[in-house]
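Lifted from Swiss-Prot, the feature list:
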- 13, 14, 15, 16, 17, 18, 19, 20, 39, 128: ATP binding site (BINDING)
- 104-200: disulfide bond (DISULFID)
- 104: active site, nucleophile (ACT_SITE)
- 129: site 'Interaction with tRNA' (SITE)
- 200: active site, cysteine persulfide intermediate (ACT_SITE)
- 341: site 'Interaction with tRNA' (SITE)
């Protein structure tokens with residue numbers, strides 16, 4: 001039997017930002033029994049002993065008091081370290097470029113947090129993500145958020161039927177300017193707060209400095225695939241495929257880009273030109289596949305795919321290799337497909353699921369120089 005809103009408990013994850021603040025406000029206005037939870041996933045005390053999470057939690061407290069909902073802080077630092085940060089370091093160690101946001105959603109926000117919320121008697125969890133959940137054809141579907149510029153289904157691609165059945169995304173039908181306006185009209189403390197960018201546990205810190213605290217940097221040679229030495233790199237983990245900035249190669253002609261890595265010999269491969277052929281692939285093997293639907297997939301189907309966040313949709317053919325692996329054939333060659341990153345599949349507005357990019361090919365030949 002469906003419960004009325006006032007009988008339905010929704011536990012919302014609140015970050016201290018404007019999105020989750022407005023999501024909580026909307027749920028409260030819709031009559032739900034709302035509880036705000038601040039997740040502390042990382043000990044981010046800086047060298048002066050200042051913890052930025054404390055400021056964010058203070059904003060959560062202020063907003064919850066303004067809205068009139070109870071709030072708690074929950075510590076998930078151990079789970080985050082074990083499930084997200086360890087993976088993050090392992091991927092960099094392997095010369096790949098990880099996507100911690102995907103793992104955080106899968107393991108923390110929609111697993112550890114969901115379990116905690118259910119223990120609090122929650123019927124649903126909610127977050128400030130730009131995405132939508134719909135129940136159609138006997139199952140839950142995840143749809144892109146209405147705001148194309150903010151859609152976050154790319155990062156939510158590993159969510160299951162079970163997780164979606166317990167999830168609400170109050171902002172899915174709204175656009176960012178509307179959300180700012182709502183926060184302003186309601187006088188919320190976070191109305192003018194700047195959006196956070198980058199990886200949550202690094203924050204405003206320098207990426208190189210942060211990473212070197214956990215992984216020793218191993219400087220090495222920077223050269224073309226034909227062996228022409230162009231300089232030295234600071235450590236392979238600091239570079240991603242297609243990167244231009246930070247190479248420090250002068251001279252005339254087209255700009256230089258990172259085109260590959262040789263982990264064994266600690267070489268960073270570089271070459272000139274944004275549209276350099278070395279940066280393009282047309283076939284991908286991806287692993288750690290997760291589908292939103294439990295329905296059996298055809299062994300081969302056409303859809304679109306994003307190989308990185310905010311990329312345009314690319315037409316592809318997906319071939320199921322086994323339950324953990326897919327082969328992706330691209331209609332057109334795609335630039336800078338990066339091992340370790342997520343590839344996410346779509347059918348129109350519906351997010352079908354995703355996987356981790358493992359191997360890249362061009363014209364049937366594996367691009368070994370990608371690492």
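Placement of Cβ uses the backbone N, Cα and C atoms for every residue, glycine included.
Location within the structure of each feature annotated in Swiss-Prot.
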residue	record	DSSP class
13	ATP binding site	strand
19	ATP binding site	helix
39	ATP binding site	strand
104	disulfide bond	helix
129	site 'Interaction with tRNA'	coil
200	disulfide bond	coil
341	site 'Interaction with tRNA'	coil
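On its own chain, residue 17 (ATP binding site) has 56, 59, 128, 190, 193, 195, 196 as residues at least 6 apart in sequence with a Cβ closer than 8 Å to its own Cβ. Cβ contacts within 10 Å of residue 129 (site 'Interaction with tRNA'), excluding its own Cβ and spanning all protein chains shown: 25.
Between the CA atoms of residue 200 (disulfide bond) and residue 15 (ATP binding site) there is a gap of 11 Å, rounded to the nearest whole number. Here is what falls inside 10 Å of the CA of residue 19 (ATP binding site) among the recorded positions 104, 129, 341: 129. Residue 15 (ATP binding site) and residue 129 (site 'Interaction with tRNA') have their C-alpha atoms 11 Å apart, to the nearest angstrom. Geometry remark: residue 129 (site 'Interaction with tRNA') versus residue 39 (ATP binding site), CA distance 15 Å.
Of all the Cβ atoms in the protein chains shown, 26 others lie within 10 Å of the Cβ of residue 104 (disulfide bond).
Residues 13, 14, 15, 16, 17, 18, 19, 20, 39, 128 are listed as the ATP binders, and the farthest two of them sit 16 Å apart at their Cα atoms.
By neighbour count, meaning other C-beta atoms within 10 Å, the densest spot among the recorded positions 15, 341 is 341. Each of the recorded positions 39, 200 was scored by other CB atoms within 10 A of its CB, and the lowest score goes to 200. Contacts of residue 13 (ATP binding site) defined by a Cβ separation under 8 A and a same-chain sequence distance of 6+ are given as 20, 37, 38, 39, 109, 113, 125, 126, 127, 128, in order along the sequence. Cβ contacts within 10 Å of residue 19 (ATP binding site), excluding its own Cβ and spanning all protein chains shown: 26. Residue pair residue 341 (site 'Interaction with tRNA') / residue 104 (disulfide bond) shows a Cα separation of 14 Å.
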